[in-house]
Amino acid sequence: MESSPESLQPLEHGVAAGPASGTGSSQEGLQETRLAAGDGPGVWAAETSGGNGLGAAAARRSLPDSASPAGSPEVPGPCSSSAGLDLKDSGLESPAAAEAPLRGQYKVTASPETAVAGVGHELGTAGDAGARPDLAGTCQAELTAAGSEEPSSAGGLSSSCSDPSPPGESPSLDSLESFSNLHSFPSSCEFNSEEGAENRVPEEEEGAAVLPGAVPLCKEEEGEETAQVLAASKERFPGQSVYHIKWIQWKEENTPIITQNENGPCPLLAILNVLLLAWKVKLPPMMEIITAEQLMEYLGDYMLDAKPKEISEIQRLNYEQNMSDAMAILHKLQTGLDVNVRFTGVRVFEYTPECIVFDLLDIPLYHGWLVDPQIDDIVKAVGNCSYNQLVEKIISCKQSDNSELVSEGFVAEQFLNNTATQLTYHGLCELTSTVQEGELCVFFRNNHFSTMTKYKGQLYLLVTDQGFLTEEKVVWESLHNVDGDGNFCDSEFHLRPPSDPETVYKGQQDQIDQDYLMALSLQQEQQSQEINWEQIPEGISDLELAKKLQEEEDRRASQYYQEQEQAAAAAAAASTQAQQGQPAQASPSSGRQSGNSERKRKEPREKDKEKEKEKNSCVIL
C-alpha cells in the first residue's frame, strides 16, 4: 500500500493527527472519502508515544478536523477496492518518499475503527494492541496488501541486527543467541539499524513515505531498557563482586587483565585473562571496573561465537550436549570448580562436568602435583588414584588389619603431607617440558587457578593481585621452584628493577620498620622463655622433669615481680621529685637570692635520699 506525505498521521500521545488545513492536495477530497469508507492510508507509527520532542512538528502536518478519521463516521458496507493513492499518479512524489523507513518506526494501516479507538484510549508503544490495525472490517484485497507491510511482531525486537524476523514470528530475548553483555544488549535502536533498514527496503513498496526531518525515537527507550537490565541483574546477583581492570602493554598492544580483590579460586578470572591476552575477548578502551555478571556475559558471548561451523550431525549433537552441560555449571566459575587431579600427568584430571568448560574454550588446564617415578614405594602407594580416591584409600588402609595396607596408607599420607604445596620438582620439570612456547593456559595449584605462559623456556604466572593494580612493572611472576618465591617481571618478562628509595612512602616504610622490630622483640622474648629441651637428658624421670618445669615457672614469676617492683619504685621516685619541685617553683621573685641558696642546699640532700631509696629497692638475686 502506498501513501502520500499529506496522508501521514503520526500517532503521538495516543491521538491520530492529520495534515494541517491548507496543506491538502487536489486529491484531499478523495482521501477523505476513502477514510470514511474504511480504506485507511498507510501511516508510520513511532515506537514510542513520547518521542524526542519532534512529534509536535509532525503533529502540525494534520488534516482538518473534518477530515480526521476520528471525526469520520463509520460507514458499514464493502470497502473500496482501491488500496490507496499512487504517488506517481498524483504527482506528489518527494525525495523523502524513496528513502528507507526511519529507525524506531514501522508501517501500519489505519482504519476508522483504529482511529476511533485511538481517540478514546491512549495508544501505547508500537507493541501495544492499540497501535495495531484492526483488520476486522477490511476486505481480502486490503488484507493481502497490508500483509506484506505489517511488522514482524509486537515490539519488533530481534536478536540479530541485520536479519529481521519474518512476519508473524515473535523473536524471544531469552533464547540462547541473546546471551550478550550489557554493552551489546539488543535494543530497538540496534534492531532498527541502518543495515537492517536497508535489508527491509526491498520488502516494502516503492515510494513509501516517511516523515521528513524526523529523528529516531530510540535513545530514551534504549536507556530505559539498559536500566531495566541493570535492575534485573542486581536482583539476580545481589551483592555481586566488582573487579578492577589493569591495562598493560602486551606485545605492543594495550591489553586489559582482570585483577582479584580477594584470595580465592575464581577460575573465571583465569579463563577471561587467557582470552583477553589472546585478544579473543575485547573490552571497551580504558574500562576500569567490571562486574562478575558482565564477565559471565562476555564469556557466554565467546562460547557462542566459537561454535564450529561445519561439523557432522553426531558432532553437532555432542557439541550441543557439552554446551548445555557447560551452561549449567557456568555460575560455578565465580566461586570454584570441582577439579580432581591425578598424580600421573600434568594434564591428567578426573573427568568432571567442570572440565567441559576448558574443552569448549580450547584452553589447556595443567597442574604440577606429580609423583616422582623413581620413588617406588610412593608410586605403589599412590598408583593411578585421583586425589579424592587417594584420601579414601588412606582412610580404609588405616582401618585395615593387613599390615601391608596400613604401610601403604601411611606412605600415601606422608606423600600428601610432604607435598602440601601441590607442586613437586618432578611436576615442575614435566610442566616446563610439556607447555609450549608462548602458550596461554590455566595452572591449578592449591585450589587456585592462575593464568600461565612460557617464555624462553621459563614458566610465568600472571600477577592478578589487586595490590599491584598500579604497578606497571609487575605483570608476571616466574615459576622456578616449589616454594612460591618467584621473581616479578614486567609485560616483556624483564625483571622488576629495585624501587627508588625516593619513591617509597616514608610513613609506610617507618611503619614496616616498627612492625619488624616489634616482631623481632617478641620472637626474642619467646625464645628466651622457651625451655631448651636439648639440655634435658633423655633418661630423666617424670618427677625430675616436673621439678625443672616448676623451677622455670618460679624463675619467670620472680622475674615478673622484680620488674613490677622496679616499675613501682621508679613511679614513686618520680612523684616525690615532682612534689618537691613545686615549692621551689612557688618562691617569690623578691627573694631570688635566698631561694637560690636554699635550692642549692636541698639538691645534695635530695640526691642522698634518692640513692638511699634505690638501695632499699634493690633486690639481691
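Cβ atoms are placed via backbone N, Cα and C, with glycine included.
Residue with Swiss-Prot feature phosphoserine, selected from S94, S111: S94. In the predicted model, the region 'Ubiquitin-binding domain (UBD)' (507-559) has a mean pLDDT of 74. By neighbour count, meaning other C-beta atoms within 10 Å, the densest spot among the recorded positions C266, L549 is C266. The two recorded residues L545 (site 'Ubiquitin-binding') and C266 (active site, nucleophile) have their Cα atoms spaced 52 Å from each other.
Summary for the recorded sites L545, A546: the Cβ-based neighbour count within 10 Å is maximal at L545. By neighbour count, meaning other C-beta atoms within 10 Å, the densest spot among the recorded positions H448, D542 is H448.
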